[in-house]
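K.L.:
Provided herewith is a single structure, encoded as structure tokens, for subsequent inquiry.
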Amino acid sequence: MKRVSLTQYLVEEQRLHQTINAELRLLIEVVARACKRISYSVSKGALGEVLGSAETENIQGEVQKKLDVISNEILLEANEWGGHLAAMASEEMETIRLIPSRYPKGEFLLLFDPLDGSSNIDVNVSIGTIFSVLKAPEGMVEPSEQDFLQPGAQQVAAGYAVYGPQTMLVLTTGNGVHCFTLDREMGSWVQTQSDMKIPETTKEFAINMSNKRHWHPPVQRYVDEMLAGSTGPRGKDFNMRWIASMVADVHRILNRGGIFMYPADLRDPSSPGKLRLMYEANPMAMIVEQAGGMATDGRNRIMDIQPTKLHQRVPVFLGSKSEVQLVTGYHQQ
Ligand code: AHM
Ligand code: MG
């Protein structure tokens, strides 16, 4: 088998399709290198003394795990000196991080959820890193939060690393979705899947069923119809999976189809669900759309939402097109 490294893929992408320039290529390589380090820390577990709580809270008021903090630091440090970024924003930090004045600034903005699926860290279940890349607005002098508030449709790249039985990097620069597996002995990312496509129809859904009593009627109806099985309105049996790591759930759906849902619910009418638009929903929506799937907030395309704040939350329905269309239609009725 001819091995194509991430570097070769990016160089050819720049040369043949021009969807990226040298600066974006460097950015992606640096993020991928940081993910290698995170993967190493994750795999050490108790031996690296990285498990457990950090005894700090993030901006969302959630107790941070040690690995949340470590992963955030790895991404910040790796990306500050290369000259490819104007600023960074992280799910774990209250406001944006400027590039120190001793380094040159670049034209891109990087956003990330350094370690997604925190509840799975200490129990050795797959977790991941999610990232999104935007272009800094023309004429920007000193980056501000406002410069990050761009709809997901303006992302120039998005990806995630999944730390599971294998460590993989899934990436799009707007020209399909490509997957790279970390070769630990060689220390390199090797392309193992190209132009991934989500099967359009599916018999699998992912949602945290324990919240069922709180859901809005369209979600109740959609899930009830699936649960009714082959004698119900859907005329087939469905299977359910919920890993509680969005990265791992999306990775399964990319490979064998399905729908992932984290809806808003009736508990707090002011809270539109759990997941964050800028660090989770937008990058995953870009990947899913590039793989032929669909991503909505129940009514509208996620990537068309105009963000109003950095840590904004949003309901998420994404995956196989026919299923996302159906549940979105139920909300619109
Ligand atoms: P996190 O960023 O604090 O890890 O939260 C996001 C995660 C997603 O990966 C996952 O889909 C969801 O939270 C699981 O939530 P729940 O514990 O409610 O099932
Ligand atoms: Mg997260």
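Counting begins at 1 with the first residue displayed.
Keep in mind that glycine also has a Cβ here, set from the backbone N, Cα and C atoms.
TrEMBL does not curate its annotations; it predicts them automatically.
Summarising the annotation, TrEMBL assigns Mg(2+) 1 binding site to GLU91, ASP113, LEU115. According to TrEMBL, the Mg(2+) 2 binding site annotation covers ASP113, ASP116, GLU280. Feature annotation from TrEMBL assigns substrate binding site to ASP116, GLY117, SER118, SER119, ASN208, LYS274. Taken from TrEMBL, the feature domain 'Fructose-1-6-bisphosphatase class I N-terminal' covers 5-193. The domain 'Fructose-1-6-bisphosphatase class 1 C-terminal' annotation in TrEMBL covers 198-331.
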K.L.:
How many Å separate the Cα atoms of ASN208 (substrate binding site) and ASP113 (Mg(2+) 1 binding site)?
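P.N.:
Checking the Cα atoms of ASN208 (substrate binding site) and ASP113 (Mg(2+) 1 binding site) gives a distance of 20 Å.
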K.L.:
For the binding-site residues ASP113, ASP116, GLY117, SER118, GLU280, which residues place their CB under 6 A from an atom of ligand 2?
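P.N.:
Once distances to ligand 2 are taken from each Cβ, ASP113, ASP116, GLU280 fall under 6 Å.
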K.L.:
For the Mg(2+) 1 site (GLU91, ASP113, LEU115), what does the 8 A shell look like? I mean other same-chain residues with CB within 8 A of the CB centroid.
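P.N.:
Leaving out the recorded residues gives ASP68, SER71, ASN72, SER90, GLU92, PHE112, PRO114, ASP116, SER118, THR129, ILE130, TYR279, GLU280.
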K.L.:
Which binding-site residues (GLY117, SER118, SER119, LYS274, GLU280) fall within 10 Å of GLU91 (Mg(2+) 1 binding site) by Cα distance?
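P.N.:
Cα filter at 10 Å returns GLU280.
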K.L.:
Could you round the CA separation between LEU115 (Mg(2+) 1 binding site) and GLU280 (Mg(2+) 2 binding site) to a whole angstrom and send it over?
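P.N.:
With distance taken Cα to Cα, GLU280 (Mg(2+) 2 binding site) is 11 Å from LEU115 (Mg(2+) 1 binding site).
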K.L.:
When you average the Cβ positions of ASP116, GLY117, SER118, SER119, ASN208, LYS274 for the substrate site, which other residues in that chain have a Cβ within 8 Å of that mean position?
P.N.:
ASN120, ALA244, SER245, MET246
K.L.:
What is the one among the binding-site residues GLY117, GLU280 whose Cβ has the most other Cβ atoms less than or equal to 10 Å away?
P.N.:
GLU280
K.L.:
Write out the long-range same-chain contacts of SER118 (substrate binding site), meaning residues 6 or more apart in sequence whose Cβ is under 8 Å from its Cβ.
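P.N.:
Counting only residues 6 or more apart in sequence, the Cβ neighbours of SER118 (substrate binding site) under 8 Å are GLU62, GLN64, LYS65, LEU67, ASP68, ILE127.
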K.L.:
Could you find out if DSSP has ASP116 (Mg(2+) 2 binding site) as helix, strand or coil?
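P.N.:
Going by the DSSP assignment, ASP116 (Mg(2+) 2 binding site) falls within a strand, counted as strand.
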